[in-house]
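Chemist: Below is a structure I'd like to ask you about.
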Amino acid sequence: MSFVEYGDTIKDGDTAIVFLGHESMFPVKVQQGSVTQTKYGVIRHSTDLIGKKYGSKVTCSKGGWVFILHPTPELWTVNLPHRTQILYSTDISVITMMLELKPGSIVCESGTGSGSLSHALIRTVAPTGHLYTVEFHQQRAEKAKEEFREHGVEHLVTVTNQDVCKNGFGVSDIADAVFLDIPSPWEAIGHAKSALKAEGGRICSFSPCIEQVQRTCLAMEEYGFTEINTLEILLRVYNVRTISLQIPDLGKAAEDNSSTGFDSSNPSNQGSPGTNLQQGTVQFKSGVPLKEMVGHTGYLTFATKSLF
């Protein structure tokens with residue numbers, strides 16, 4: 001099993017996603033002889049999981065059933081154990097696009113945190129690219145290494161435990177892009193510039209507070225970065241529902257029906273416009289935004305390393 005290569009069959013040692021519903025799923029490490037408890041009963045790894053195909057419908061001991069899904073960076077983002085605040089797919093997709101990442105890209109990241117963005121970056125740059133990720137906290141760095149190894153992507157990522165603001169990324173002149181998610185990103189802009197290729201590259205900094213953004217932008221200008229801009233991505237969800245509205249009586253349709261001899265009692269005329277007018281309402285589908293939504297997530301500041 002690998003997060004960057006789809007495997008057809010569930011194997012011992014795999015990380016799988018137990019899917020009970022869109023709002024209820026969780027990861028499980030498949031192990032011979034182990035069991036997993038769900039609200040529908042027990043899942044026995046040896047008989048219910050190992051050897052089955054990903055996507056299989058598995059019946060639990062109480063008669064209920066679940067689906068077993070192959071892990072992806074998107075599924076991992078909504079199921080991972082939180083060691084820090086994380087980035088979600090809405091921001092991740094924009095970061096990937098704006099940093100112009102592709103297979104073969106070299107990316108530097110700080111900090112690793114819970115690994116939500118890291119998994120997405122690894123999947124994007126695979127199979128020939130590489131991620132250099134720096135984490136200040138030693139235990140988080142060790143846990144990230146363990147997860148990358150279990151998820152079959154350790155050959156695509158190098159995890160370093162150090163302070164990026166003081167010691168940088170440990171590489172120079174090789175990165176196509178740099179991502180910063182640290183409390184004081186302005187202190188790491190110089191190291192980010194050193195890590196980027198001499199022919200240029202892109203940088204992104206994520207900050208929850210506008211004061212951080214201001215200081216980061218000033219540092220980017222000081223180090224000669226260009227095309228500096230800041231975005232905030234807000235997801236607005238719409239519910240599609242059926243709306244009934246009363247048809248206004250303008251008089252013209254009734255007159256037209258009379259002049260043409262329209263007979264609403266005739267079965268052959270059922271479902272025609274005249275029938276809807278007699279009923280007085282019409283139904284149609286409408287997209288209605290939710291009454292509440294997230295008002296603030298964080299600021300994404302992008303810039304380009306100048307060639308001059």
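Including glycine, each Cβ sits where the backbone N, Cα and C put it.
This is the feature table in TrEMBL:
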BINDING   S114, G115, S116, L117, E135, D181  S-adenosyl-L-methionine binding site
REGION    256-279  region 'Disordered'
Chemist: Which residue, of the binding-site residues E135, D181, has its CB surrounded by the fewest other CB atoms within 10 A?
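Modeler: Fewest other Cβ atoms within 10 Å, among the binding-site residues E135, D181, is found for D181.
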Chemist: Quick one: largest C-alpha distance among S114, G115, S116, L117, E135, D181, binding S-adenosyl-L-methionine per the record, in angstrom?
Modeler: 13
Chemist: Measure from the Cβ of S116 (S-adenosyl-L-methionine binding site) and count the other Cβ atoms within 10 Å, all protein chains considered.
Modeler: 24
Chemist: Tally every other Cβ atom lying within 10 Å of the Cβ atom of L117 (S-adenosyl-L-methionine binding site).
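Modeler: I get 26 for this one.
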Chemist: Run through the Cβ atoms and count how many others sit within 10 Å of the one on G115 (S-adenosyl-L-methionine binding site).
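Modeler: There are 28 of them.
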Chemist: Beyond the listed site residues S114, G115, S116, L117, E135, D181, identify every same-chain residue whose Cβ lies within 8 Å of the center of their Cβ atoms for the S-adenosyl-L-methionine site.
Modeler: T84, I86, L87, E109, G111, T112, G113, S118, T133, A144
Chemist: Within its own chain, what residues at least 6 apart in sequence put their Cβ under 8 Å from the Cβ of S114 (S-adenosyl-L-methionine binding site), listed in sequence order?
Modeler: L80, P81, H82, R83, T84, I86, R140
